[in-house]
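To start, the structure itself, in structure tokens.
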Amino acid sequence: MRIRVDWRVSCRLVGTILKWLWVPLLFPLGIALYDGTALLPFVLPILGTVLLGFGLEQLTDERDLRAREAFLMVSLTWLSIALVGAVPFLLAGEGTLAEPVNALFESMSGITTTGATVIVNFDRHSRAILMWRAVLQWLGGLGILVLATAVLSQLSVGGAQLMETESQTQDVNKLTPKISETAALLWKLYIGLTGLQVAVLYGLHLVGYAPEMTLYDAIAHAFTTIATSGFSPRGDSIAAFSPAVQWVIIPFMAIGATSFVLLYFVFQGNFDRLRNSDEFRFYVAILGFFSLGVGGMLFANGGPYTSLEEIARHAIFQVVSIVTTTGYASTDFNLWSAGPKHLLFVCMFIGGMAGSTTCSIKTLRWLVVVKAFRRDLFTAASPSAIRPVRLSGSVIDEETIRDIYAYTLVSLVFFILATIFVVLDASRVQLTVSEFEAMSAAAATFFNIGPAFGIAGPLESYEPFPRSTKLVMTFLMWVGRIEIIPVLVLLTPSYWQS
Amino acid sequence: MRVIVVGAGEVGSNIAVSLAESHDVIVIDVDPEKVDELTYSNDILAIEGDGTSLETLENAGIAEADMLIASTDDDETNLVTCGTAKTVGGVFTIARTRNTNFFKTWTKSEDAFGVDFMVSTNLLTANDIVRVVGLPAAIDVDPFAGGLVQMAEFEVTAESEIAGQTVEEADKFEALTFAALVQDGDVVIARGQTRIEAGNRVIVIGSPESVQSFSRTVASPESSDEARNIVVVGGSDIGYHTAKLLEERGIEPRLIEQDADRGRELAEDLPGTIVLEHDATDTDFLVGEQIDRADAVIAATDSDEKNLLVSLLAQNIGVQRTVAVVEEGQYAGLFEAIGIDVAINPREATAEEIIRFTQKGQVENLSLIEDRQAEVLEIEVDEESVLTGRPIRECVTELPSDVVIGAVTRDQEFIVPRGETVIEPGDHVVLFVATDVLSPVMDLV
């Protein structure tokens, strides 16, 4: 048996990325310096990651990335950043994060922009450590998009399907002739939007509409809103802040889940692309539909809310938060009645637009599934008819449709298997978890949403789950974020054999 | 005017013969037989040679020519001919092309290929088809005065309401003028007492609305008011453009194409069309897809024989109207004799369009009737015209009897021509004129 994959090339490129991880680590280091808390949790990883990066770069001089190496590289990048990211948590040794599996879980949840936490008591953690969680999420938010643009779009296989469908409808690759330029443009847009949100949130504080929103909070929340990731340095998540803050965060979450290519055109003053995008209309319609549904049910049930504004705010906030896979909570939706809770559960399977920072199955795939199904119904009645499936006017090729069907199906299979595991593993250690709680926890981790219902609810923690479950969930977050296929490809024996 | 026509095929000879009446025409063709034929049968100078060669063009006197019409069956030859002619001097070039990509390029940049005026055969044919399909029972429709006026020719069947009526009885429409009847191939000017018999064709001129309502009177009672259920057979370039034009009118046509790859291509390019991949000569399939309920079936495959077969099959299963594309000009009459409602010949349409264009200047627009027995033409009248400044009742006395004033438009508005209507300078008048009185009429108006 001869190994065909040149793993050294992949590791070398992962090394190049790790080498630069010291830059984001400076941010929490600065806060630790300012606060006078422990510096070691950040100094050591800074030295370590640079050394590790250089070390990996020595493996080979070859830099040419082929499909097989790309899959390995993408998978390893996320895994290795999660491992490095866990080191500050371990070294700080505060609260539940001192435990290795918990630290890895938290770090993976961060870099995959999931937002599921194992922290039980937020007061036990330093501001520097809480900021590190936010920084990890901010990196993970656009990181996947840039990696997908830079790496996957150059390859025409498997995992590149997402970019393929997008390049057909949105011309991702054609923003600029060079992919590195496109990546730079996306980062500028991302940084700009984050800066804008910091300014708005802190501005609200300065004019007195958000007494709780300190500059630290403004930065930490901006990092995790545009990234649609959902970590908050507050145990109460967004419920800790005023209604004004909650209203402001809604559009920013929605923007984070909007295709960055469309956003780019909007900032160029070209609104036609937005108007003509079938996917954008579908995405907005979904947000509207579920907000009305949840709001209507909350209104009908009476519930804990007194004013119409409150019902509207929480319904819209929660729907946008779950659909965009952000996972913030403006209220403890665990306490809602079954109806709105189940609607929110359905929202977990949707996701935002392709080409955004969001996760889950994504509206693009659902829209294609819906359109292809409608076409199949038509051709069932009229077998000779040739009906291409169109998105925003352009035709999607049949191979892409098959890929999308396959992806959607595989996602659902993963979700079912994960649910079964959670139920069995919990009963093994006599932890009481209802089926709905297990389903929601599996979906919340696999689709990178964060909070689930019940035991892992919005104001609760994943800490009570057994270690084995947390490890499996760590794996789920990893595969979910890099869209399954690269990892699945790695797991097939033929990938490694000639 | 000195006109050089390159290509003595159906289109070229048609144009040459038509222009020879009033211009000096030189024809160039590579086929010596065609050259001989033209030389002996017409007052035309015919030269044997390749139009793309500068030498041949110079022999034909390109330096003194006012106009060059490249009308061979080969697109590239036509374009190169025009390009070559342009290197010599200021001759006005006209090219006929089939490939619509050339036409698109040319419309975007009008100097392209050295062509001054381009006629896209397939697009033109598709336009003709769609116009005819838009009117129940029409065989021919042409727009005048920027679309304010329509000339239409209808076949009168035995079931038709106006069969057996006199023109006076049939004329119940405000903005419509009966111009002529075609009886056994002869054009007869319509008078009040002329009786319209089944099998006649009737030519009317009027506003599009009145022509539309008249078409319903002519059509047999069971035909639908508006043709919406339309089937195009054959994904040829003409079929494609027909479907596209129908889409633009808000109709969702069905297009049947046998070849899977071409079908897929068409389905991708035509979002508003239902493309069916099947053999259109399979009767079971046609009935299964309810093609028999179609208001019209347009046969536009690349083969005349297949178009005939498809049209006959469609009629056989009960389709209201059949329109067939006929590449071979001499078959067109035969198709209609067999019972195909409308046979459209792309070459004839092209020749007509080019002749129409060469006449510009003298007339705004024109349409040829029944092998040029008559013309419908649009003119802008000036002070000197015999029509100006007097009620129509008075000025018609000075015109030959084979002339009908069909419609008048003033400042983009339709005016019904009555005896007392006074035509003003600047008005556009649509006239029906028998060809034998054409020159005296043109002098008067």
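For all residues, glycine too, the Cβ spot is worked out from N, Cα and C.
It should be emphasised that the depicted structure is a prediction, and the values quoted were computed from it without experimental measurement.
Looking at A:103-122, A:223-242, A:303-322, the range annotated in TrEMBL as transmembrane segment turns out to be A:103-122. Of the ranges A:12-33, A:244-267, A:404-424, the one with the most Cβ pairs under 8 Å to the transmembrane segment (A:436-455) is A:404-424. Scored by C-beta pairs under 8 angstroms, the transmembrane segment (A:12-33) has its highest count with A:39-59, from the stretches A:39-59, A:71-91, A:103-122, A:279-299. For the transmembrane segment (A:39-59), the residues of the chain that approach it from at least six positions outside its boundaries are 8, 11-12, 14-22, 25-26, 28-29, 32-33, 84, 87-89, 91-92, 128-129, 132, judged by C-beta separation under 8 angstroms.
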